[in-house]
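Notes to accompany the following structure.
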Amino acid sequence: SYDRGATVAGVVGVGRLITGMDRGLQGMCVNERRHLIVPPHLGYGSIGVAGLIPPDATLYFDVVMLDIWNKDDKLQITTLSKPEHCNRTVENSDFVRYHYNGTLLDGTPFDSSYSKDSTYDTYVGTGWLIKGMDQGLLGMCAGEKRSIIIPPFLAYGEKGYGTVIPPQASLVFSVLLVDFHNPKDGVFLEHLEVPESCKRRAVTGDFVRYHYNGTLMDGTLFDSSYSRNNTYNTYIGKGYIIPGMDQGLQGVCVGERRRVVVPPHLAYGENGAGNKIPGSAVLIFDVHIIDFHNPADPVEIETVYRPEGCNVTTRDRDFVRYHYNCSLLDGTKLFSSHDYEKPQEVTLGTNRVIEGLNSGLLNMCAGERRVLIIPPHLGHGESGARGVPGSAVLRFEVELISMEEGVPEGYLFIWHGDPPANLYEQMDLNKDGEIPADEFSTFIKTQVVEGKGRLMPSSDPEKVIADMFRNQDRNQDGKITSEELKLKSDEDQEKIHEEL
């Protein structure tokens, strides 16, 4: 048979072979070698074969068994390894991606996907595969390894295939299923960890900050936000990310951990992406939601404690002292006033604190405690600040220690009634026709003590009075003349007149 370059194929024990061969092949295993000595009466007898085998010849055969099969054979499937978790197995009409090594029954290799450095990708149960593979892939889990032995009538039959698969050859496939999906699949969600308290869930139009690990179904990592030490920040439901993630992030809670399994038609499709995401790949995202907000969100205010008999509350321009703890929604501590010797101080409405904190401190009583949830557009915005990530939602725990009534914007001092008609003469304490800084300071302090007016509240009233004097000393010669002294209300009227 070696001279002919073709194996011999035949059915044993049905009289199609000489009796000696029929008997000599019985009980042989694949790859077994036998030396058969066939006497004439079990060979070609007294007749022989004209021109080839003389009459009454004893025949010697050196035989190696390459393949055995029976018409009643079925697939032989052996599971070599299987993942612990398997949510779903292959069914007809699924699209599969798998690696394989293909050999004949004697171990001769004829093909391998590994040598091509790419998986074999096809539909199951639609006639695109030989019948044996169509059947042999059914019921597999992603990541499972199988050995599938296919008889020739479920493979390439009497004709074989090209020069690599002989006629009537049984095939052995060692298969690793990399992933699979169905064109009808949607996004699959697995809720790994959901916080007990979830006041709100994300919806289309929300801006979400999350960490993620992205893997293929075989566990290969293709991307991770953790490796960049930055969250992934995006709007959901608006087409900024792959459709599967747009859908998969709907309804998340702050702090939730969720697994999102995305079929390729909702990810990067047949083409894949870059050199890390193959075509037709199912993607698995393990996400951790850090926070989310909507650009229309106001400050969320929760009153933790409010004293009884609270009649006076903070207003714009009031001077307040307060303690605070500031953190991210995932609990990461950022800043605290308790790290300093005294409480924080600010005049409300003077742009000295972020807008959300300013509004959250309004209408508070002394002693009141609040929790403020501040969206980034009322906090530090897309750019963030030192120690604050961009687009971060902030959580403030605030306690109002004290408050002082403020003055209107642009004023450093206001009268509680009408100012004196002869203001300059009263302010000129030694009646020498000019008012130096010490006289000005003494006069203003007297008005405050007598309750006739009040300064803009500040931790340093001397500085406020110094600013007032500087404003009135228009030529900066260290004294105020009668021509220089003007009330703020009069100055405002002059400006209006000039504009007109």
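Placed from the backbone N, Cα and C atoms, the Cβ positions cover glycine too.
It should be emphasised that the depicted structure is a prediction, and the values quoted were computed from it without experimental measurement.
Annotation source TrEMBL lists domain 'PPIase FKBP-type' at 1-69, 93-181, 205-293, 317-404. Taken from TrEMBL, the feature domain 'EF-hand' applies to 422-450, 460-495. Per TrEMBL, the feature region 'Disordered' maps to 469-500.
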Please give the average pLDDT for the domain 'PPIase FKBP-type' (93-181) in this predicted model.
96
Please list, for the domain 'EF-hand' (460-495), how many residues fall into helix, strand and coil according to DSSP.
20 helix, 2 strand, 14 coil
Quick one: do the domain 'EF-hand' (422-450) and the domain 'EF-hand' (460-495) have at least 3 Cβ pairs under 8 Å, skipping pairs fewer than 6 apart in sequence?
yes
Per DSSP, what is the helix/strand/coil residue tally across the domain 'EF-hand' (422-450)?
18 helix, 2 strand, 9 coil
Intrachain residues whose Cβ lies under 8 Å of the domain 'EF-hand' (460-495), provided they are six or more past its termini:
410-413, 419, 423-424, 427, 433-437, 440-441, 444-445
Residue distribution over DSSP helix, strand and coil in the domain 'PPIase FKBP-type' (205-293):
15 helix, 37 strand, 37 coil
